[in-house]
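Novice: Mind looking over this structure? Questions follow.
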Amino acid sequence: MKFIDEARIEVIAGDGGDGSASMRREKFVPFGGPDGGDGGRGGSVYAIADRNINTLIDYRYAKKHLARNGENGRGSDCYGKGGDDVTLRMPVGTIISDMDTGELIADLTEHDQRVMLAQGGAGGLGNLHFKSSTNRAPRQKTDGKPGERRMLKLELKVLADVGLLGMPNAGKSTFISSVSNAKPKIADYPFTTLAPNLGVVRVGPSKSFVIADIPGLIEGAAEGAGLGHQFLRHLQRTGVLLHLVDLAPFDESVDPVAEATAIVGELRKYDEALYEKPRWLVLNKLDMVPEDEREARVADFLDRFGWDGPVFEISALTGQGCEALCYAIYDYLSEHSDAHRAAEAEDLAADVRFRDAPPAKGGATPGDDA
């Protein structure tokens, strides 16, 4: 199935039914009075998170979603039937926002989470409600209210604990297939990965974490070059980033330090918050480096790269060093998961506050250019 992580849709809730202006007419009841029923409410449109769905492809082509209108009221105090609701099932991790106002409507982070996207209109009142001591035969009634109509942007950010960064052909797909149940396409040419892959890494009974592999980045990605920039958003929810570096490139003219520096630069240009995330350096393809040269090559790389954070040396192909890396990741996530969730909740709250901020004097809104 094609991976789609962004879509735009229109949701239209049903209109409420009109109230009825009817009089009771029965034999032997000369003053029957009003008996007009209310109109039914319009159907609403809901979104529900479903962990069994992993793409927004259904909404790339089905762009309009309508709920039914409520039925009109009738005589004999008959109320109109309410319109049927419409439920849209979306992947866990979907962010829903209003394209016209910029309002953040929902962030679907849990399975079966249900959110109203457009509310159906209220039904109109029948003339039964307008009867009084001075108006025994009212002819008044009210029409149903129109349902909400919204243009929405759907944006999927996969929920992963760990994100993989690196140039094309750095060995990210080989690594995720080596340590998890993911089966990405693997080949000896760049840009093999064209869409994010998720894998569950198990380090023991009831001990696991989710890792995300996105297409490789290239220099200029923040400005749109290559494929990886389209999927960097999927790393924004992760707790730690693994920066994979090919320590033994086939092309001897390629400098691993220059490539690693370019990746860090693109990360910073795309999102400062993403750049500030905990990041570990993973030096891959050690099996391609002669044993007597490994220590010197690693030391030279770290010295020229100027890295003083966590470093792991692995071979994704042979599995060397992968087990120790996975245990270190799990221990780190276990220790920092509460802080990570709190920070993510604060970021979401700040986003909501920003979007709901009142317009500034002169009609300008937050984020407008001066």
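Residue numbers in this text run from 1 along the chain shown.
Positions of Cβ are set from backbone N, Cα and C atoms, glycine also.
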Novice: Swiss-Prot tags one of 68-87, 128-147 as region 'Disordered' - which one?
Specialist: 128-147
Novice: Do any residues, 6 or more residues outside the region 'Disordered' (128-147), come within under 8 Å Cβ-to-Cβ of it, and if so which ones?
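Specialist: Contacts of the region 'Disordered' (128-147) (Cβ under 8 Å, skipping residues fewer than 6 from its ends): 12-21, 23, 31, 33-39, 42-44, 67, 69-70, 72-73, 77, 118-122.
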Novice: Look up S315 (GTP binding site) in the DSSP assignment and reduce it to helix, strand or coil.
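Specialist: Note: S315 (GTP binding site) is in a strand by DSSP.
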Novice: Expressed to the nearest Å, what is the distance separating K285 (GTP binding site) and S173 (Mg(2+) binding site) at their Cα atoms?
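Specialist: About 13 Å separate the Cα atoms of these two residues.
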Novice: Across all protein chains in the structure, which of the binding-site residues N169, S173 has the highest Cβ count within 10 Å?
Specialist: S173
Novice: Could you pull the average pLDDT for the domain 'OBG-type G' (160-334)?
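Specialist: Looking only at the domain 'OBG-type G' (160-334), pLDDT averages out to 78.
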Novice: Roughly how many Å lie between the Cα atoms of S173 (Mg(2+) binding site) and G166 (GTP binding site), rounded to a whole value?
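Specialist: Checking the Cα atoms of S173 (Mg(2+) binding site) and G166 (GTP binding site) gives a distance of 11 Å.
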